[in-house]
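According to TrEMBL, the protein has these features:
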- 227-236: compositional bias 'Basic and acidic residues' (COMPBIAS)
- 2-184: domain 'Nodulin-like' (DOMAIN)
- 342-504: domain 'NFD4 C-terminal' (DOMAIN)
- 227-287: region 'Disordered' (REGION)
- 7-29: transmembrane segment (TRANSMEM)
- 41-61: transmembrane segment (TRANSMEM)
- 73-93: transmembrane segment (TRANSMEM)
- 105-126: transmembrane segment (TRANSMEM)
- 138-158: transmembrane segment (TRANSMEM)
- 170-189: transmembrane segment (TRANSMEM)
- 347-365: transmembrane segment (TRANSMEM)
- 377-395: transmembrane segment (TRANSMEM)
- 416-435: transmembrane segment (TRANSMEM)
- 441-459: transmembrane segment (TRANSMEM)
- 471-490: transmembrane segment (TRANSMEM)
- 544-565: transmembrane segment (TRANSMEM)
Amino acid sequence: MNEVTPPWMVLSVGAALNLFGYLMIWLSVTHRVAVPSAGAVSFYMFAAANSQTFVNTAVLVACVKNFPLSRGIVLGLTKGCIGLSGAVFVQIYHAIYGQDTTDMILFLAWLPSLIILLFMFFIRRMDIDLKENHDRHFFFLLYLALALAGFLTVAIILENALSQLPTQAYKAFGAVAVVFVAANALVAIRAECERRTTSQNNVNVEALESEKPPNCMALTAPTCMHSEEDMNRESTMRSTVSDGDKKEAQMQSCSASNEVGERKSSGESVGEQDGTERNKGSSCAAGSYDEKECHRSASSSQVKMRCGESGRGSSMGCVSRVRAYFKQWPERGEDHSIPQALLSLDMWILFVSVTCGVGGSLAAVDNMGQIGESLGYSKVSISTCVSLISIWNFLGRVAAGFGSEHLLRRYGVSRALVLSFILGFSSVGHLLIAFPGPGTLYAASILVGFCFGAMWPPLYAVISEIFGLKYFATLYNVVGSVSPLGSYLLNVKVAGHLYDHEARRQAEKLLLMAASTPSMAPSSKSPSIAPPDFTCYGTHCFRMAFSIIAIASFAGCLISLLLVIRTRKFYSQNIYAKLHAPQQQHHPHQYA
């Protein structure tokens with residue numbers, strides 16, 4: 001949808017889905033409507049969850065296409081702010097509703113939709129001079145994002161440490177969060193004012209240059225006038241000659257095409273229609289021709305040629321067309337079509353490697369509560385680990401975006417190599433969970449959160465650089481499917497299955513102990529052994545699962561190194577050189 005419609009249209013669909021999904025869930029939960037079926041509730045949740053995809057796609061793709069020379073920085077900022085958005089909405093909710101959680105679903109229905117509708121026309125494609133350096137404004141946005149992340153960290157720690165905060169404290173936290181978010185708009189307004197001032201100055205300079213006298217004014221006036229007359233006469237003669245050449249070339253092309261058609265159809269049955277077309281070809285060659293008739297006769301001859309070939313063997317024609325299709329395969333850095341990108345080996349290397357990395361990180365994030373519980377951490381400590389994952393997820397996205405851009409510009413380091421390093425580094429965090437020690441869960445939370453966030457900016461930047469920006473919106477969402485796929489394979493099938501297996505073994509052992517010692521009374525601290533509610537305690541609960549996940553993440557790193565080798569030549573050159581063409585491309589869809 002984003003390929004054929006302006007961004008505001010995609011954003012409006014996202015706002016409608018968000019409002020519809022969360023509003024229907026709220027009405028169902030509060031019994032303001034009849035109790036819906038499970039299928040209806042699933043559809044409401046599907047609409048609400050997928051509304052984020054529309055919004056993220058429209059914003060991120062527009063930003064990358066507007067700033068193609070800073071795509072790593074742009075991706076890091078946008079993905080980082082997406083990671084912080086949940087914590088910002090929580091602070092604003094507490095400022096409005098306090099600690100009452102009954103209206104949280106209604107809040108998620110109206111506030112995001114309202115913000116999208118207010119600002120959706122500001123998200124658009126723009127003609128921006130790529131010669132200008134916008135990094136200064138991006139760094140201002142980075143400093144604001146870092147300050148906001150630091151503030152949210154302090155606010156979350158205080159809210160977790162203190163069981164009851166006064167209402168004024170929640171209002172103050174919400175107000176400060178809104179101020180940080182609004183400050184980003186001030187940076188954008190300042191950048192736009194500078195851009196318009198620069199554009200006006202360039203227009204003034206061009207106007208002054210156009211008012212300069214021509215070089216011939218340095219000569220005497222009669223000589224200058226004489227030279228101008230000669231130039232006009234010469235240009236008239238050139239246009240006359242070029243028109244004659246075009247006419248002659250058109251006659252020759254027409255006659256040649258008809259001669260080819262006659263030769264190809266000479267072996268076939270000849271009738272009156274062939275004689276008529278030959279007469280047209282001869283009249284075309286003689287010069288007394290009608291242009292439409294000439295092209296019609298040429299096209300009919302070509303149709304006969306194709307029919308003759310298809311009659312001899314349609315299979316050979318299909319093979320030749322497939323062979324020609326692969327011969328026209330675009331180079332890396334050129335715009336690929338969607339089938340070409342999906343059939344590319346580079347895309348499959350990225351897909352498999354990132355599936356291994358993202359699936360393992362999601363397994364750690366989703367099971368952090370059970371991991372902490374099995375290792376004996378308190379609820380406050382578990383909440384702290386979850387907060388660490390959220391904050392370091394943001395820092396990983398920003399660091400990967402800015403860092404990969406700096407390494408590429410300064411040292412020519414491939415973003416694929418950065419992605420490989422991140423995938424390998426994430427396996428260290430999984431090993432800390434598999435073989436825990438005192439306090440290692442905090443370090444594991446930092447590593448997993450950082451690496452999970454850092455995977456996305458280099459991944460999307462590599463896709464845009466190798467396959468082009470023409471269909472980036474579609475490819476962005478195709479690669480985004482690694483999240484559910486990786487989560488299903490490594491979170492559900494590996495971590496969930498092995499944890500249940502360990503918990504079941506522990507429950508059976510306790511049952512055997514209780515059966516062998518009838519007088520042994522069950523302790524209040526012993527785990528429940530009821531099949532639906534059994535829980536595993538001990539360091540062995542996730543050892544096997546995260547050992548496998550660590551191996552999978554490292555395997556993803558090795559697979560990604562194949563892409564580093566394949567793109568070594570591509571990244572050794574200036575991959576953005578073609579974007580510096582004189583006022584690059586004209587945007588076919590200008591939505592200003």
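The count begins at 1 with the first shown residue.
The backbone N, Cα and C atoms fix where each Cβ goes, glycine too.
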As a test of reading the model: what is the averaged pLDDT for the domain 'NFD4 C-terminal' (342-504)? 91
Residues outside the transmembrane segment (471-490) whose C-beta sits under 8 Å from one of its C-beta atoms, at least 6 past its ends, are 2-3, 53, 57, 60-61, 64-65, 335-338, 341-342, 347, 350-351, 354-360, 362-363, 366, 459-460, 463-464, 548-549, 552
With Cβ distances under 8 Å as the criterion, find the stretch in 73-93, 416-435, 441-459 that has the most pairs with the transmembrane segment (138-158). 73-93
Of the listed stretches 7-29, 73-93, 347-365, 416-435, 441-459, which one has the most C-beta pairs under 8 A with the transmembrane segment (105-126)? 7-29
For the transmembrane segment (347-365), sequence-distant contacts whose Cβ falls under 8 Å of one of its Cβ atoms, 6 or more beyond its ends: 341, 371, 389, 419-420, 422-423, 426-427, 429-430, 433, 444, 448-449, 451-452, 455, 459, 462-463, 467, 475, 479, 482-483, 485-491, 494-495, 545-546, 549-550, 552-553, 555-557, 559-560, 562-563, 566
Honestly, do the transmembrane segment (377-395) and the transmembrane segment (441-459) touch, with at least three Cβ pairs under 8 Å and pairs 6 or more apart in sequence? yes
Segment-segment contact (the transmembrane segment (441-459); the transmembrane segment (73-93)) at 3 or more Cβ pairs under 8 Å: yes
Sequence-remote partners of the transmembrane segment (73-93) [C-beta within less than 8 Å, at least six residues beyond its ends]: 56, 59-60, 63-64, 67, 104, 107-108, 111-112, 135, 138, 141-142, 145, 148-149, 152, 155-156, 170, 173-174, 177-178, 181, 390, 393-395, 397-402, 405, 453, 456-457, 460-461
What same-chain residues lie close to the transmembrane segment (7-29): Cβ under 8 Å, and 6 or more beyond its ends? 1, 35-36, 40-41, 44-55, 57-59, 61-62, 103, 105-106, 108-110, 112-113, 116-117, 120-121, 123-125, 591
